[in-house]
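Worksheet: one structure, shown below.
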Amino acid sequence: MFALVKGVYEEISKRDEYFITILGLDGAGKTTYLEMVKRLLDNRHKERDLHKITSTVGLNHSKIVLNEFILNLCDLGGQADLRYIWDDYIKECHATIFVVDSVDSQRFSEAILCLEQILSNSNVQKQPFLVLLNKCDNEMSPLQINGYKEDYLVKDNENSSDISKDDFQQTTFQSTSGGWRSFELDNNEGVNGDWEQNSDCGSSSFSSSIPLSTSMTAVIKSEIDSRLGEVLQGDVAIFSISAKQNAGVKKSVNWLINALKSRSKEILQS
């Protein structure tokens, strides 16, 4: 009888468990972003000194247990000689976060190539995919393809109130199941540069003279919209953030959680 009661209780109280990979070049700010997410979601987390965070070698894994579900966040090293391990984790994940250093213009092309590598993995093509343009001084409105109703709002640990509706205004959308949907940048934010296609390897490079904060957003937008639109079938969003300043982190986490919850059965069964 005890075993039966225990089994029923465990079934009722069972939480969905999600695995999320955090990818990007070394120095993009992946570990800092993970640190800020832990500060936001886990009130038991002991804060790290952001100035002492260095590039990840191997893997940083954090397990965050929430009331309704469990998040496993895997921050993988972004050095060139470590990227071969990415595929092993992508195959097992339920969502992917790709972090880009928006001020490092010298590595834009390398970041795009890594993005293409990730998106070539069929496992991510139907799952939530979040692109973070990190190190932006001023938080810009998120670019979204599919979004979600305000059915789950992250709290600042357990003692704070829900995000206000004004704060969540840019990330409140009706959930859809149509898969990929194109999006547009602000009218003033256009691409001012030339793509150079390499037909042999499918790689691309970009040269631009426009301001960094605009050019990086435009590059990622152009890459996804014109070249990857037929690849991704799941829900995608692009946020400009500053992880170190904790700007945009909460909004990006809300989007990701709602993306996971909205299609939990489909995602967990894949």
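Glycine residues also receive a Cβ, built from the backbone N, Cα and C atoms like all the rest.
What TrEMBL says about this one:
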BINDING   Gly24, Leu25, Asp26, Gly27, Ala28, Gly29, Lys30, Thr31, Gly78, Asn134, Lys135, Cys136, Asp137  GTP binding site
BINDING   Thr31, Thr56  Mg(2+) binding site
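For Gly78 (GTP binding site), the Cβ neighbour count at a 10 Å cut-off comes to 24, with all displayed protein chains included. The 10 Å shell around the Cβ of Lys135 (GTP binding site) contains 24 further Cβ atoms across the protein chains shown. Reduced to three states, the DSSP call for Gly24 (GTP binding site) is strand. Close to Gly24 (GTP binding site) in the fold, though at least 6 residues off in sequence, lie Lys30, Gly78, Phe98, Val99, Val100, Asp101, Ala111, Cys114, each with a CB less than 8 Å from its CB. Mapped onto three states, the DSSP output places Gly78 (GTP binding site) in coil. A sphere of 10 angstroms centred on the C-beta of Lys30 (GTP binding site) encloses 30 other C-beta atoms. Neighbour count (other Cβ atoms within 10 Å of the Cβ, all protein chains): 27 for Ala28 (GTP binding site).
Cα-Cα distance from Thr31 (Mg(2+) binding site) to Lys135 (GTP binding site): 13 Å (rounded to the nearest whole number). Local packing around the Cβ, expressed as the count of other Cβ atoms within 10 angstroms, is greatest for Thr31 among the binding-site residues Asp26, Thr31.
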